[in-house]
Amino acid sequence: MIEDNGKNKRIAKNTFYLYIRMLFSMVISLYTSRVVLNTLGVEDFGIYNVVAGVISMFSFLNTSMSGAVSRFFAYAIGTNNWKHLQNTFSSALTIHLIIALFIMVLSETVGLWFLQNKLVIPENRILAANIIYQFSILTSMIAIIQVPYVAMIMAYERMSVYACIEIINVLLKLVIVILLIYITFDKLIIYGLLLLISTLIISVIYGTYCTKKIESCRFCLLGDKKLIYSMFTFSGWDLYGNASVLARTQGVNILLNMFFGAVLNAASGIASQIQTAVMSFAGSVLSAVRPQMIKSYAVGDYNRMIYLIYKASIYTSILLLLFTIPLLIETDFILALWLSEVPIYAGILCRYVLLFNLFANLSSVVVSAIHATGKIKRPSLINGTFYLSVIPFAYIAFYVGSQPQLAYIYNIFAVLAGLLSNVWTLHLYIPCFSFKQYAWLVLCRTVCVGSLTFFATYFFSKLFDAGWIRLICVGLFSTILLLVTTYFILMTNRERKLLKLRLL
């Protein structure tokens, strides 16, 4: 019990560090996004999003391996096998070097052909698009090689270090935006170049810290061949799921470009930035919990693992709802404050990605637990099929003249189906994890709290005219009501008693 309290305090401390980083990042990102959109213009902003998205399509290998690396690192630390951990690091870095080279080849062949023959780019911006495409390839390669270093820091739960480096990363982005205002050369090209330089700087910082401060970060060329095979086997089953997620996201983005042009990509880019910013609140908690979830499974402490699943699911959902509900109601006003020129459809796309976030967050928690077991074949195949189905649906919908938001609506149903499938899969792998109990304690009660708070706040907002006063009142009202409903519906009797003791 005392040991668990110590672990809980470590989670709380690490969550605090990640929140400091996240809040700082969000404030800076809101400013930089506005300036980048204004400086580049809607068309160039849309071009950058769709061109960079082509590279993202080829990063599915890296996404799969990132999950494998994080899991193997945390598992090795949980079993106190330090020699195995060092071999794991060398193997992981070797794999990521190979992936970086593979993605470069894929991007310079298939990706380049797609860019030049399929994307809708204005004639006078084709050269700029090709140049930033090359910058994006290099940026992606550097980010890929950096992954094992970041994963090692996270596995050791050194969130304060991670937070500090990421704050430096955000400050570099701010410097880029300031420089962009005063540069007279082609701003789109310069933007891509400066992002490449900032990524390189951050990668060097991560590598230097890990090499000097973490003894296990000693690279041996090729690493352990058996371990490399194990990682590839693990990630191989995850490959289909991750490739499907990326194909869904970037595939819809490309379809928006093909049917509606670069202006819709600008709206999609804004929605994506809102989605990332809001999800970072939940991601901070999950990043702090995930290593302990894997370590608990490694030592056979399933009760602790299930406890972490429930609490991470509930409290990340509440954190999301704190921001999602006011944003859903005040989307248009907030976008008008944030952006001097709001792209068409930006408001409605933002609302749908906010709803998508709620179910995607719950699914992420359960998937993290499944990854701890190492049995990822079933969930990857099932979830990947759900996610991949969004692309043909979107194509048919756009082809017959449907509105762009229809793809986002279907996306919500796909992720909900994936969530239910993941919960059932985890129950099959760990029988003491109850599907019915999760559905009642987490899913039903969270939806109940969110729905009650949203509708009450929505009707409350009708008492005011749109503006700053309504925004502030809506934010305060929804926060108070959400906390009250959380206290009575989501918290256990023990948690309520502990809260009273600490407050009184």
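Positions of Cβ are set from backbone N, Cα and C atoms, glycine also.
Features of the protein shown, as given by TrEMBL:
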TRANSMEM  16-33  transmembrane segment
TRANSMEM  45-63  transmembrane segment
TRANSMEM  93-115  transmembrane segment
TRANSMEM  127-149  transmembrane segment
TRANSMEM  161-183  transmembrane segment
TRANSMEM  189-209  transmembrane segment
TRANSMEM  314-338  transmembrane segment
TRANSMEM  344-369  transmembrane segment
TRANSMEM  381-401  transmembrane segment
TRANSMEM  407-426  transmembrane segment
TRANSMEM  438-461  transmembrane segment
TRANSMEM  467-490  transmembrane segment
For the transmembrane segment (314-338) and the transmembrane segment (381-401), decide whether they are in contact, meaning at least 3 CB pairs lie under 8 A, counting pairs 6 or more apart in sequence.
-> no
Test the contact criterion for the transmembrane segment (127-149) and the transmembrane segment (344-369): 3 or more CB pairs under 8 Å, pairs 6 or more apart in sequence, then answer yes or no.
-> no
With Cβ distances under 8 Å as the criterion, find the stretch in 16-33, 93-115, 407-426 that has the most pairs with the transmembrane segment (161-183).
-> 16-33
